[in-house]
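Marked as active site, for OMPdecase activity by TrEMBL: 61, 63, 66. Annotated active site, proton donor per TrEMBL: 63, in sequence order. For 12, 34, 61-70, 121, 182, 191, 211-212, the entry in TrEMBL reads substrate binding site. The annotation domain 'Orotidine 5'-phosphate decarboxylase' is assigned in TrEMBL to 6-227.
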Ligand SMILES: O=c1ccn([C@@H]2O[C@H](COP(=O)(O)O)[C@@H](O)[C@H]2O)c(=O)[nH]1
């Protein structure tokens with residue numbers, strides 16, 4: 001694991017210009033970037049291509065959740081763009097995830113990581129109850145992580161709070177990608193299941209997805225540097 005690239009900066013911007021101007025302040029040798037629903041819906045594949053030209057590994061975070069055929073073809077389209085990582089929702093089920101895995105394996109030369117979202121880090125027990133699930137987030141995350149692994153995917157998105165228990169039940173190479181990262185002095189916002197960068201690395205997160213604590217900081221580069229220092233100290 002290249003420790004210098006543990007951080008994935010979420011480029012949650014409403015236009016390509018803002019996203020690329022943030023990217024220009026980052027070093028592709030030190031971090032990766034994430035393109036999510038807002039930016040991709042506004043700017044499309046062009047922004048992914050522009051980030052690739054700048055040398056960044058791109059996590060295309062579109063969280064596909066549809067019938068198996070539609071999801072598989074969307075994953076293929078992402079892989080054909082050459083993204084480093086793409087994701088689906090694990091709650092789409094085994095057949096959906098297997099179809100996505102099989103389709104991805106047919107893309108020549110692509111080595112795109114395919115992972116699945118378990119329970120969104122913005123959700124807590126009450127949110128699961130609201131959608132008819134009487135279960136602790138951790139229990140549901142464990143169940144979905146095992147289903148994801150058994151469906152042949154490379155890892156999951158989960159909270160860093162779940163990393164230590166998940167490490168007990170998944171393979172060592174299974175990736176645990178964790179958003180909901182908040183430095184001690186950062187605003188929590190809409191996230192619920194959070195951890196600091198140091199705690200997340202200490203727990204065994206493979207990659208930390210961090211957006212607003214960097215992109216909305218008065219000095220984003222300095223904010224990222226503080227996070228990198230915290231990560232180094234926690235190793
Ligand atoms: O469970 C999830 C899955 C994805 N995300 C995404 O990560 C970033 C987090 O941004 P912050 O500004 O650091 O909160 C954002 O793009 C989400 O779409 C997540 O937060 N939780």
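Just so you know, glycine gets a Cβ as well, placed from its N, Cα and C.
The secondary structure of residue 68 (substrate binding site), as reduced to three states from DSSP, is helical. Other Cβ atoms within 10 Å of the Cβ of residue 12 (substrate binding site) number 19 in total over all chains. Checked against ligand 1, the recorded positions 12, 63, 65, 66, 68, 211 give 12, 211 in sequence order as having a Cβ less than 6 Å away from one of its atoms. Residue 12 (substrate binding site) falls outside any helix or strand according to DSSP and counts as coil. Residue 211 (substrate binding site) sits 17 Å from residue 63 (active site, for OMPdecase activity), taking the C-alpha atoms as the reference points.
The average pLDDT for the domain 'Orotidine 5'-phosphate decarboxylase' (6-227) in the predicted structure is 97. In the structure as shown, the Cβ atom of residue 68 (substrate binding site) sits within 10 Å of 18 other Cβ atoms. Within the set of active-site residues 61, 63, 66, the entry lying nearest in space to residue 12 (substrate binding site) is 61 (CA atoms). Just so you know, the Cβ of residue 62 (substrate binding site) picks up 18 other Cβ atoms within 10 Å once every protein chain is counted. If you measure from the Cα atom of residue 61 (active site, for OMPdecase activity) to that of residue 121 (substrate binding site), you get 14 Å.
Around residue 63 (active site, for OMPdecase activity), the C-beta neighbours below 8 angstroms that are at least 6 residues distant in the chain are 37, 87, 88, 89, 117. Residue 66 (active site, for OMPdecase activity) counts 14 other C-beta atoms within 10 Å of its own C-beta, drawing on all protein chains shown.
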